[in-house]
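Novice: What follows is a structure written as structure tokens; I'll ask about it next.
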Amino acid sequence: MAEEVSAGSGGGSSSERGGEINGVGLASMDSLESRWVFQDEDDSEIDDEEDDDDDDAPHRAGVDSEDEDTPEQRLIRTGPRIDSFDVEALEVPGTHRSEYEDFGIGRKIILAFQTLGVVFGDVGTSPLYAFSVMFSKAPINGDEDVIGALSLVLYTLILIPLIKYVLVVLWANDDGEGGTFALYSLICRHAKVSLLPNQLPSDTRISSFRLKVPSAELERSLKIKERLETSLTLKKLLLMLVLAGTSMVIADGVVTPAMSVMSAVGGLKVGVAAIEQDEVVMISVAFLVILFSVQKFGTSKVGLAVGPALFIWFCSLAGIGIYNLLKYDASVLRAFNPVHIYLFFKRNSVKAWYALGGCLLSATGSEAMFADLCYFSVRSVQLTFVFLVLPCLLLGYLGQAAYLIGNPNDAEQAFFSSIPSGAFWPIFLIANIAALIASRAMTTATFSCIKQSTALGCFPRLKIIHTSRKFMGQIYIPVINWFLLVVCLIFVCSISSINEIGNAYGIAELGVMMMTTILVTIVMLLIWQINIIIVLSFVIFFLGLELIFFSSVLWSVTDGSWIVLVFAVIMFLIMYIWNYGSKLKYETEVKQKLSMDLMRELGCNLGTIRAPGIGLLYNELVKGVPAIFGHFLTTLPAIHSMIIFVCIKYVPVPVVPQSERFLFRRVCPKGYHIFRCIARYGYKDVRKENHQTFEQLLIESLEKFIRREAQERQLESDGDEDTDSGEDNSFSRVLIAPNGSVYSLGVPLLADFRGTSNPISEASTSEEVRADSPADQSKSDAEHSLERELSFIRKAKESGVVYLLGHGDIRARKDSWFIKKLVINYFYAFLRKNCRRGIANLSVPHSHLMQVGMTYMV
């Protein structure tokens, strides 16, 4: 099966809505709990619209099907609920941890080496342009200006990449996954703030759901949690912050290649005087095309290949810095005294404020360390930055400042001018390689964020290619790759000035940084539960600092960098419209789902016949019979002997263990062989199995569920002789189809059905056997019944599996607002038409597919 099959479950619904969908009996019932309850046998269909968010709501138990007709009400003692929705998720006690934790020292060193080529390329190439952009806004008028600008850069590097990201933000990862959506899923797992659809209360009992955090919640954390859960406005605001951060990451993926490559190729103007800016742009375009063309070879291969090149680059930065310090002026070390920042602003006032945009460029790539965390471990990123990247960057900036004190007129190309003449061309070559590597940093981060947003229903489905068999997080998205290339080329050709591109770069980077600061603050309050003074200090200091930087770059937005803001807004609207439309579609399907009585009436009127085989009907509902099933009943002349409603969906955890993958429940009485299956996948799960493998895993899990069900019923029967097989006492219905066939819905379908010559007598015989059956069957009878059902499943599997796909579309009602009609009928319809549909995601032969379309009015 392809990666994106379940991405179509996207959209959102409030947690209250999710509680209504899930039905009664899932939220709070202990699997080991036993109680006395009244079983209403005349109406045991669970009201799907009943609110089950209240943990004290009464639970209906003792019945193993969602809907069942029995003749009377009686008092029974329930055993453990026969329902793998509650049971299977509790099976594995251990938490599935990141795949990087068990690596030895040697493997960690290799990973640290690879991080140079994937994570740190962006921040590593900032010396190419940081000082050049700064001094274009605030020209050098004396040595103190150089010292002040250097002090700003040094403390920006220390405060934002080191303290904020390496020491704080990296620890807010979601089981090794970083980025804005990882933070969102982390928050959603500790408070019911998710606006994602088809979530089950039992999802919260997946072993991966639990983090090793203190169990004692502070009063402050509980109040914040309650406030977030009860306010729909706060839920929407939180989702919009996440979408805004993700849109800025995508915009960053456009600006980073343009800035890095243009600044590196611009060094030609230092080495060759005849080179003009137009030639620099043309060469940059060629490099960008090459860059995005090799993206498909994967992170591990490219990272390991370019890791040595970037290692040489960092060593070159340090070497050039030490050389310039010794040759020109070692007094620049005074810049570690922060008082020089004050003196810089005192001397330059407004110009110094403008220069903050260039100063921020020294910290670009900080977000890539977090967004690219899925590719490598936290420790490898931290160790590499602290012991290699940061020292080399500091030495590089110190060396440039020392050179500029003696050569203030070379500020336009500060880095290339400071290179010793004998080493210029080798360093120029390495710088261009490093720039190409840096351009990949935010591209890979963009892939990661888009995959997360797709999995959580906030981005249209796209083809996702996994480039590593060992590391599930290493992916490549062809459509996004070429889309970024086209936008990047337009950006480079329309804005050829490094200063303007640098300003746009700062806007995109700061947008992501501010969203991350807000989300990490919520994590501190809700999950980490640390001292409020520390939390306030973090948010006030870093958010205030980023707002100051943002005011500087925003002031110059009219110089062409507005293009980045427009691009980010477009991406935000795409994600929000997809989420909004998917939410409406899902909620409409919930409202229009079929009751069991209606489904049986359709079967009676249309003469539905059960044919050998298994029908897998894909839908997005986790509760109830989807309305699309009625279209299959009215369209097909027969229905398979076994029907399984399959809902493949992502849950907001990185990985769902295989033993917790499938959840089953009976939809009808036992004899009807109709089940519901929910296949749960985390947003890091790789689903590359073909349809045969998926079918095999599903059938094995179904057999496991049936065996557990039989064991639980046997235990219940042994403990209480008053408990009997209530579902087998349903009334028999003799149905006459239009074609003249006569059959009974009370008969286990196709079980020992040897012919059609005397169907009524066979039904009567079956009824007599059922009537004469004792209330408490012996153990051998139970085992015989179990083996008969398992044999029936195997025979159905041998007869073939058919995939029943329903394509549901939505249209706005005629009386809807104009904006809603525009969004749903045109924008959302356009996205659905051009995104990857379920048929493209299934590696299933066309001979095994049946499709029915349906349109909902919302």
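Numbering starts at 1 and runs along the chain as it is shown here.
Quick reminder: no glycine exception, Cβ is built from N, Cα and C everywhere.
Annotations for this protein, taken from TrEMBL, read as follows:
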REGION    1-78  region 'Disordered'
COMPBIAS  39-56  compositional bias 'Acidic residues'
TRANSMEM  109-132  transmembrane segment
TRANSMEM  152-172  transmembrane segment
TRANSMEM  237-260  transmembrane segment
TRANSMEM  304-326  transmembrane segment
TRANSMEM  383-403  transmembrane segment
TRANSMEM  423-442  transmembrane segment
TRANSMEM  475-498  transmembrane segment
TRANSMEM  504-527  transmembrane segment
TRANSMEM  534-555  transmembrane segment
TRANSMEM  561-581  transmembrane segment
DOMAIN    612-856  domain 'K+ potassium transporter C-terminal'
REGION    759-784  region 'Disordered'
Novice: Under 8 Å for C-beta pairs, could you tell me which stretch among 475-498, 504-527, 534-555 has the largest tally with the transmembrane segment (237-260)?
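Specialist: Result: 504-527.
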Novice: Counting Cβ pairs under 8 Å to the transmembrane segment (475-498), which of 152-172, 383-403, 423-442, 561-581 comes out on top?
Specialist: 561-581
Novice: When each of 152-172, 304-326, 423-442, 504-527 is checked against the transmembrane segment (383-403) for Cβ pairs under 8 Å, which one has the most?
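Specialist: So the stretch in question is 304-326.
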Novice: Report the listed stretch (152-172, 423-442, 504-527, 534-555) having the maximum count of Cβ pairs within less than 8 Å of the transmembrane segment (561-581).
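Specialist: Stretch with the highest Cβ contact count: 504-527.
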Novice: Quick one: average pLDDT across the domain 'K+ potassium transporter C-terminal' (612-856), no decimals.
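Specialist: Looking only at the domain 'K+ potassium transporter C-terminal' (612-856), pLDDT averages out to 71.
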Novice: Which residues of the same chain, at least 6 past either end of the transmembrane segment (152-172), have a Cβ under 8 Å from a Cβ in it?
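Specialist: Sequence-distant neighbours of the transmembrane segment (152-172): 123, 130-131, 134, 178, 183, 186, 335-336, 338, 341, 344, 355-356, 359-360, 362-363, 365-367, 369-370, 373, 378, 381-382, 385-386, 390, 393-394, 397, 513, 516-517, 519-520, 523, 538, 542, 545.
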